[in-house]
Amino acid sequence: MTILVDRSHTDQNGDESVEKNQGNVKEEETELVLDSGFEAPHTNSFGHTFRDYDAESERRRGVEEFYRANHIGQTVDFVRKMREEYGKLNRTEMSIWECCELLNEFIDESDPDLDEPQIEHLLQTAEAIRKDYPDEDWLHLTGLIHDLGKVLLHPSFGELPQWAVVGDTYPVGCEFDESIVHHKYFKENQDYDNPSYNTKYGIYTEGCGLDNVLMSWGHDDYMYLVAKENQTTLPSAGLFIIRYHSFYALHKSEAYKHLMNNEDRENMKWLKVFNKFDLYSKSKVRINVEEVKPYYLSLINKYFPAKLKW
């Protein structure tokens, strides 16, 4: 199996830099055989450290404005409305792979690390996992499908605004933890001063389990509903990863642990494994789609029906 990767070299100071063609900004590409474990790169596809929301880049201001809209709009009422509407799964019927191809039309405006079409990231993630965990085929497939809920951006799914589809997720119905990126904008959320929602536990109880917690609405929760209601045979850890892979306040800052139960804690071990590949595979790596497609079609047939309700 080969992929295309940017050629780089290490200078005398030990810093990795991309070779340029005599000042031309176009990077040279070469083939690399992935016959060893996945190694996380030091920088994202823009040359910055990963998840740096303050780095001066062409995307920083747009990302911050995205989170302002997100933090204002994600209320308990909004989440309940979206879950009721989209939980009906009455939009269309299509296969997993058809959804992968449909997603190729979009770029995630909340992501400071990536500006490639989504199918690139899906395959980057899945193939990186496959190298380190060759026997966990359910995890390979989870890598491929974890972002398919972003079809909510498509006109046939209501063309929801990006702030209601992508970005970091977090519970609503309790206080917004300060570790959430651009936390300051929650002050404009109508739930911020609501005494029923702005305490540590809010409408929840200690150890209630994350399955009983309302998460901010977006592609994570939608794909979780799609997989669950279409009776996937993925293990519970796969569903947990799909629903909480953007819940960075939990798996990076350990916020909201007081709401977890024992099953959540067990599944969290796999989410931490997955997160390494989801985040750090976001680089200028190109996957040969036609070469890997038969393998992933076989996994889809193993864990999902031929057509799903969306």
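Note: Cβ is positioned from N, Cα and C throughout, glycine not excepted.
According to TrEMBL, the compositional bias 'Basic and acidic residues' annotation covers 1-12.
TrEMBL lists 1-26 with the feature region 'Disordered'.
Counting every protein chain shown, the number of other Cβ atoms lying within 10 Å of the Cβ of Ser246 (substrate binding site) is 23. The feature substrate binding site is assigned by TrEMBL to Arg51, Asp108, Glu109, Ser110, Lys150, Gly167, Asp168, His245, Ser246.
Using a 10 Å radius centred on the Cβ of Asp278 (Fe cation binding site) and all shown protein chains, the other Cβ atoms total 23. Look at TrEMBL and you will find His121, His146, Asp147, His219, His245, Asp278 tagged as Fe cation binding site.
Counting every protein chain shown, 25 other Cβ atoms lie within 10 Å of the Cβ of His121 (Fe cation binding site). Each of the binding-site residues Asp147, Asp168 was scored by the number of other CB atoms within 10 Å of its CB, and the largest score is that of Asp147.
Take the CB of Lys150 (substrate binding site) and look out to 10 A: across all protein chains shown you find 27 other CB atoms. In this structure, the CA atom of His121 (Fe cation binding site) is 14 Å away from the CA atom of Ser246 (substrate binding site). Distance between Cα atoms for His219 (Fe cation binding site) and Lys150 (substrate binding site): 5 Å, as a whole number. Counting only same-chain residues at least 6 apart in sequence, those with a Cβ under 8 Å from the Cβ of His146 (Fe cation binding site) are Leu122, Thr125, Met223, Ile241, Ile242, His245, Phe274, Asp278.
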